[in-house]
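**Q** My structure is below; once you've seen it, I'll send some questions.
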Amino acid sequence: MILRLLLALNFFPSIQVTENKILVKQLPRLVVYNNEVNLSCKYTHNFFSKEFRASLYKGVDSAVEVCVVNGNYSHQPQFYSSTGFDCDGKLGNETVTFYLRNLFVNQTDIYFCKIEVMYPPPYIDNEKSNGTIIHVKEKHLCPAQLSPESSKPFWALVVVGGILGFYSLLATVALGACWMKTKRSRILQSDYMNMTPRRPGPTRRHYQPYAPARDFAAYRS
């Protein structure tokens, strides 16, 4: 009898510890190729007619709150982020799914789900799970292959552009030839003008110094 009582006393605390904690399961790893990912958190607790809070944290120490939802199952609550993440979500039967969009490569990290029962008392939350490593791959843009139907307008534009380019080249050559011909005629005309005889200009005359004529008759008288 005493042995049964001791076993019962040892059994009840273990039940209480289990009931005060929510077990959460997550996938160990997710690879993101298109900057979007859906992370599901499965829990073992009945949230019917209870106020709860489900949140997603980033980092080994869960320092960044990525996305959160508050409410109950009587209405569909809204998911939101106070740290700049583009997030949404959905509540299911024993599952909370977080939709993360527009993720960047530098947001590759480990993410933890946290489930809390806020009301009625007592407050219950989950044991910290192993988390999910979200690996965001760099997005490479591949050139789209043109279908035969969509390539027809492209080749039509190429043909029209080629014809216009050919006529533009002909016009440029013709204008260049006219310009060279005009320039050559101007050069020949200039050379002809330089070869015509010109009237010599006035020459400078050298005058002898003036000396008055002597009157020899005056000396004779």
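Note that Cβ sites are derived from N, Cα and C of the backbone, with glycine treated the same way.
Model, not experiment: these values are computed from the prediction.
Summarising the annotation, Swiss-Prot assigns disulfide bond to Cys41-Cys113, Cys67-Cys87. Annotated N-linked glycosylation site per Swiss-Prot: Asn38, Asn72, Asn93, Asn106, Asn130, in sequence order, evidence recorded as sequence analysis. Summarising the annotation, Swiss-Prot assigns phosphoserine to Ser190 and lists similarity to another entry as the type of evidence. The annotation signal peptide is assigned in Swiss-Prot to 1-20. Per Swiss-Prot, transmembrane segment is recorded for 154-174, and the stated evidence type is sequence analysis.
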**Q** Nearest to Cys67 (disulfide bond) in three-dimensional space, by Cα, is which of the recorded positions Asn38, Asn93, Asn106, Cys113?
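**A** That would be Cys113, the closest of Asn38, Asn93, Asn106, Cys113 to Cys67 (disulfide bond).
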**Q** What's the CA to CA span in angstrom from Asn93 (N-linked glycosylation site) over to Cys41 (disulfide bond)?
**A** 11
**Q** Considering only the recorded positions Asn72, Cys87, Asn130, which residue has the minimal Cα-Cα separation from Cys41 (disulfide bond)?
**A** Asn130
**Q** Which one is it, among the glycosylation sites Asn38, Asn72, Asn106, Asn130, that lies nearest to Cys87 (disulfide bond) by Cα separation?
**A** Asn38
**Q** Can you tell me how many other Cβ atoms are located within 10 Å of the Cβ belonging to Cys41 (disulfide bond)?
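**A** Taking all protein chains shown, Cys41 (disulfide bond) has 25 Cβ neighbours within 10 Å.
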**Q** Where Asn72 (N-linked glycosylation site) and Asn38 (N-linked glycosylation site) are concerned, what is their Cα separation in Å, rounded?
**A** 21
**Q** In DSSP terms, helix, strand or coil for Cys87 (disulfide bond)?
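**A** The three-state answer is strand.
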